[in-house]
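Participant: Okay, handing you the structure first.
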Amino acid sequence: MLSSAHTPRLLRSPTTTLRSCLHSTTTTLPPSSQILTTRKSLFSGQTTAVDLAKSFLHRLRRTEPQLNSFLYVSPDEVVLKQAEELDYKIKNNEEVGPLAGIFVGVKDNICTSDMPSTAGSRLLENYCPPYDATAVRMLREGGAIVVGKTNLDEFGMGSTTEASAYQVTANPWDLSRVPGGSSGGSAAAVSARQCMAALGSDTGGSVRQPASFCGVVGLKPTYGRVSRYGLVAYASSLDVIGCFGSSVADAGILLHSISGHDKFDATSSKQEVPDYASQFVAIDHLESKPLKGLRVGVIRETLEEGVDPEVISSVRDAVSHLEELGCIVTEVSLPSFSLGLPAYYILASSESSSNLSRYDGVRYGNQVHGDGLNSLYGDSRAQGFGSEVKMRILMGTYALSAGYYDAYYKRAQQVRTIIQNSFKEALDKNDILISPAAPSVAYKIGEKKNDPLAMYAGDIMTVNVNLAGLPALVLPCGFVEGESASLPVGIQMIGAAFDEEKLLKIGHVFEQTLKGSSFVPPMVADEFSC
């Protein structure tokens, strides 16, 4: 058991609770699934897909000038036409998919055949792929309407979305702060209700950290659960496509719709995909101790020096709540945890230096004409790549170079094996592991842009999960008082390989029973009750 001195029973301070429900005149309600609610409303005739589309497009157009979440927004007439077609099918009792009427944003490093896919880079400016990524194809087959492509750090390399070649995205909770990265556009869009759900990619925390900063749910699946076909490669042994939602149910339903084996991706798994929706029990039907007997391990190394005290307090409050729900909580030690960060940056940079060599101005990317072939290659890359991408390519090339391979790349792979084994040992004794999603809440735009080491250190909570290939769920658990607004804190739940089902069950019960907090940012809170 964790010491009671370190696990205060109050879920939230009075000040934070008051601020979180400023726009409510009633008791705070748990987050509902926008996907399930929308489907019910459409089939009952309470609303139409066209009305929903107009509402979301209006909110998107109103908030986008402040947020810059999207690099491309589908024209209104295209979205409304798809909505009209859906209304026609429903009216005539035709079969529609499980995501019918759901408006989804897609990170701009995931290929879409009818929209640009730039990966946030000038090198791929105006590039339109000839095909949809498998995940996008499955979304559309399920009836989802893709409303646009969201902003990101160039090629997914960054933690703030400031490394985008096009624009800087703001955090909906405080426009002077970063939304996280590299999937900051997707997280901000879901947080501000510009779309119902979104796809992102997670190489070292790029779904989970922005989910924490923006107060939404972020789900990183097991490596191989979702096809990577059509995802612009950064580090192929670490990259996964993940999901954002405003509730655990929405993230789980989205994951179910894009999971499964794909012949176009040799690393995609043939593991059976469970029915995640079966875990989303209504709060009225929950037992008094709905998580009784589940073993939860809190990773000691994630609540030590280097983590903001307010973040530690919020996570300990969340752990207390899990105990109240019946969980058996213990503290676990992963001595190799601190080794993950240097190992990750060596491996990810090494793989990126190989993957990005294809952008030479001939095979891929915009071309800058030169006097010779070497000049064409060099000028195309020099003008196409941003500074962060260039730095990581140089680091990776150095780590793979003759004389340094054993000292860096080989040793990093050995550390990766140690990390995998330590997680397996801990998860053999526990159902899930717990940590903060990030060592701090969202920080100011520009605060760490010129200090890459400080920015990289912010990934300490998430990179180990990618190195181990495990699934992880991040969901909001509290607030920290900022200068001008409350800022959300995310808790990370880590599960065994291909056990997303258990993560979703625990996460759903946690959010449905968490009292006194509404994770709707002030800029759109008037439209949503707590």
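Yeah, the Cβs are placed from backbone N, Cα and C, and that goes for glycine too.
A TrEMBL annotation is a machine prediction, not a hand-curated record.
Here's the feature list from TrEMBL:
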{"type": "ACT_SITE", "residues": "Lys107", "note": "active site, charge relay system"}
{"type": "ACT_SITE", "residues": "Ser182", "note": "active site, charge relay system"}
{"type": "ACT_SITE", "residues": "Ser206", "note": "active site, acyl-ester intermediate"}
{"type": "DOMAIN", "residues": "52-504", "note": "domain 'Amidase'"}
Participant: Who sits close to Ser182 (active site, charge relay system): which same-chain residues at least 6 apart have their Cβ under 8 Å from its Cβ?
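Facilitator: Gly120, Leu152, Asp153, Gly156, Met157, Gly158, Ser159, Thr161, Ala163, Ser201, Thr203, Ser206, Pro210 - these are the non-local Cβ neighbours of Ser182 (active site, charge relay system), listed in sequence order.
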Participant: If you skip the near sequence neighbours and keep only those at least six away, which residues in the chain come within under 8 angstroms of Lys107 (active site, charge relay system), Cβ to Cβ?
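Facilitator: Within the chain, Lys107 (active site, charge relay system) has Cβ neighbours under 8 Å at Lys149, Thr150, Leu152, Ser183, Gly185, Ser186, Ala198, Leu199, Gly200, Ser201.
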Participant: Please work out the mean pLDDT for the residues of the domain 'Amidase' (52-504).
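Facilitator: The average pLDDT of the model in the domain 'Amidase' (52-504) works out to 96.
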